[in-house]
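Chemist: Just lifted these from Swiss-Prot, have a look:
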type	residues	note
BINDING	Ala318, Pro319, Gly320, Val321, Arg322, Gly323, Met324, Lys339	ATP binding site
ACT_SITE	Asp374	active site
Amino acid sequence: MVQSAPASEIAALILRGFDDYREQFREITDGARARFEQAQWQEAQRASTQRINLYEEKVAETVAGLRVGLADSELLDVERWPIIKSAYIAQIDLRLDDELAETWFNSIFCGLFSHDNISDGTMFVHTTRPSLRAHARAPYTRTYRPGGDLRQALEKIFDDYRFDVPYDDRERDLERIDALLHSNLPDWVCKDPDLAIELIGSVFYRNKGAYLVGRLFTPDEQWPLVFPLLHREGHGIQFDTVITDEAEVSIIFSFTRSYFMVDVPVPAELVAFLKRLLPGKHLAELYTSIGFYKQGKSEFYRALINHLATTDDRFVMAPGVRGMVMSVFTLPGFNTVFKIIKDRFNPSKSVDHATVIQKYQLVKNHDRVGRLADTQQFADFRFPVSKFEPECLAELLEVAPSTVVMEGDVVLIRHCWTERRMTPLNIYLENASEAQTREALNDYGLAIKQLAAANIFPGDMLLKNFGVTRHGRVVFYDYDEICYLTEVNFRYIPEPRFPEDEMSSEPWYSVGPNDVFPEEFPRFLFVDLNQRRLFAKLHGNLYDAKYWQGLQEQIREGKVIDVFPYRRQETPEQLLG
């Protein structure tokens with residue numbers, strides 16, 4: 001029944017919806033340990049998708065409940081919302097996840113009002129929380145002090161983090177991890193009587209792996225520390241390796257990875273701890289990496305508006321070949337690209353606007369195996385005209401007039417995606433040395449293979465559609481033709497019927513909409529003959545339809561293929577049942 005309600009009651013209803021979301025988020029997350037112990041890999045993938053979709057589902061549910069229970073005159077009077085916001089601040093003040101609660105409030109407000117009502121008076125454009133309140137106390141961690149006996153500390157770690165499934169070979173792993181630490185670190189570190197190991201109490205789960213995350217430190221220095229664990233079905237839990245290199249740990253927390261499942265009692269504390277381990281990571285990326293992608297979006301937006309307010313940076317078109325479906329622009333001093341859908345596509349493209357949006361959602365929900373860039377979707381961005389280079393603004397208005405609109409001295413962008421900026425692979429190769437070319441082309445082939453192992457076919461595999469990250473990894477970022485590998489029909493080109501067939505400009509065989517002929521890849525992918533020959537040596541099996549058909553068969557049999565986010569001795573394409 002629609003009834004009158006004070007601001008505090010509306011705030012309480014919003015917070016009740018948040019509590020429901022957080023409870024279900026924790027429930028899904030808490031199941032990660034059992035899924036790991038029971039080797040339920042497909043269930044883990046489903047849980048990941050379920051948790052991603054949960055936020056929008058619960059926002060919609062809360063908005064619908066407010067509309068049913070409250071009169072429009074109360075709920076949709078925007079002038080009341082500063083009072084509702086004040087009441088809400090009082091109610092979340094003692095919470096341990098208050099920054100997430102602020103973002104939830106913003107989502108509810110945007111579900112009720114158009115974006116032109118957004119202001120810091122009606123919602124949390126800027127946070128009211130103290131900056132990284134986590135400085136008040138340390139996150140839940142376990143600390144070990146080897147006192148010169150690293151092996152004994154490792155034994156205690158193995159005991160403290162044991163699972164309900166036994167270790168495959170505890171002694172073997174202890175010896176190997178001890179040896180790796182002595183190999184990775186300066187000799188004096190392992191002997192330092194003041195050396196300490198600090199590990200986050202909660203285990204990080206993702207796909208088929210579990211990770212212990214923390215640091216090694218002395219009074220003067222620190223190193224990040226990650227122990228990846230695997231469950232070898234039929235054998236037990238295995239400490240796979242140890243990682244102490246900041247760049248390698250950064251890759252594990254990369255924007256190209258799926259989100260971790262980890263118990264996070266106080267999000268700000270955990271993010272502050274991770275920030276100390278990985279100072280090059282932005283808060284947005286760290287929040288996103290542990291599953292709070294909406295909080296990551298809030299942190300990104302705040303960083304963006306602060307950058308625009310404090311610098312003379314102006315939007316320009318992104319370097320590289322212009323896209324047939326998307327138009328891409330960037331801020332030179334802000335490590336992000338902004339992607340909008342063009343009003344009209346190149347005639348060779350068979351997709352429409354709705355299909356493009358579906359493709360981006362597919363990427364959001366799917367295991368990105370370190371080879372697909374994560375994106376954030378935004379609606380109704382407003383920027384001053386003065387923040388655009390004239391050539392950039394003119395091009396955007398020309399190619400996407402339904403999306404980019406002038407409102408006086410403000411540019412309205414109705415819909416866009418943001419994505420980490422990378423160097424397009426084709427541009428990278430233009431300036432690469434022989435060794436860099438070989439490494440990049442090898443990683444390009446691995447990217448295609450690892451995506452295929454995750455049941456993803458990029459569609460358009462041209463070099464320009466892949467980027468190179470600051471760590472030198474090759475990542476796919478053009479999603480308008482992406483699809484599930486199992487939807488593709490990989491074929492061999494039939495033998496010509498007559499000699500004249502090979503000279504014809506038209507194929508002598510029928511071609512279905514999902515047909516792909518890997519034999520055609522070399523001439524489509526590489527203009528440079530040296531690159532073409534090198535890639536054939538590195539990944540020539542990609543030109544064979546049988547290779548792709550074999551992967552499809554394994555995927556249809558329900559096999560989940562290992563793709564590791566760190567270097568190891570075994571092949572990254574190893575199959576496990």
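Backbone N, Cα and C atoms are what each Cβ position is placed from, and that goes for glycine too.
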Chemist: Which residues of the same chain, at least 6 positions away in sequence, have a Cβ lying under 8 Å from the Cβ of the residue listed as 'active site'?
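Modeler: Listed in sequence order: Phe255, Thr256, Thr288, Tyr293, Val363, Lys364, Arg368, Glu419, Arg420.
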Chemist: Over all pairs in Ala318, Pro319, Gly320, Val321, Arg322, Gly323, Met324, Lys339, the listed ATP binding residues, work out the largest Cα-Cα distance in Å.
Modeler: 15
Chemist: Under a criterion of Cβ-Cβ distance under 8 Å and sequence separation of at least 6, what residues of the same chain contact Lys339 (ATP binding site)?
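Modeler: Long-range Cβ contacts: Met326, Ser327, Val328, Thr375, Cys416, Trp417, Thr418, Glu419.
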Chemist: Near Val321 (ATP binding site), how many other Cβ atoms are within 10 Å of its Cβ?
Modeler: 12
Chemist: With every protein chain in view, how many other Cβ atoms are within 10 Å of the Cβ of Pro319 (ATP binding site)?
Modeler: 12
Chemist: Restricting to the same chain and to sequence separations of six or more, state which residues have a Cβ under 8 Å from that of Ala318 (ATP binding site).
Modeler: Val328, Phe329, Thr330, Val337, Arg421
Chemist: For Lys339 (ATP binding site), which of the three DSSP-derived states applies: helix, strand, or coil?
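Modeler: The residue in question, Lys339 (ATP binding site), is strand (DSSP, three-state).
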Chemist: What same-chain residues, at least 6 away in sequence, bring their CB to under 8 Å of the CB of Gly320 (ATP binding site)?
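Modeler: Listed in sequence order: Val328, Pro424, Asn426, Ile427, Lys464.
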Chemist: Which residues of the same chain, at least 6 positions away in sequence, have a Cβ lying under 8 Å from the Cβ of Gly323 (ATP binding site)?
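Modeler: Those within reach of Gly323 (ATP binding site), by Cβ under 8 Å and sequence separation of 6 or more, are Lys342, Asp478.
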Chemist: Return the residue, from the listed binding-site residues Arg322, Met324, with the maximum count of other C-beta atoms within 10 angstroms of its C-beta.
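Modeler: Of Arg322, Met324, the one with the most crowded Cβ is Met324.
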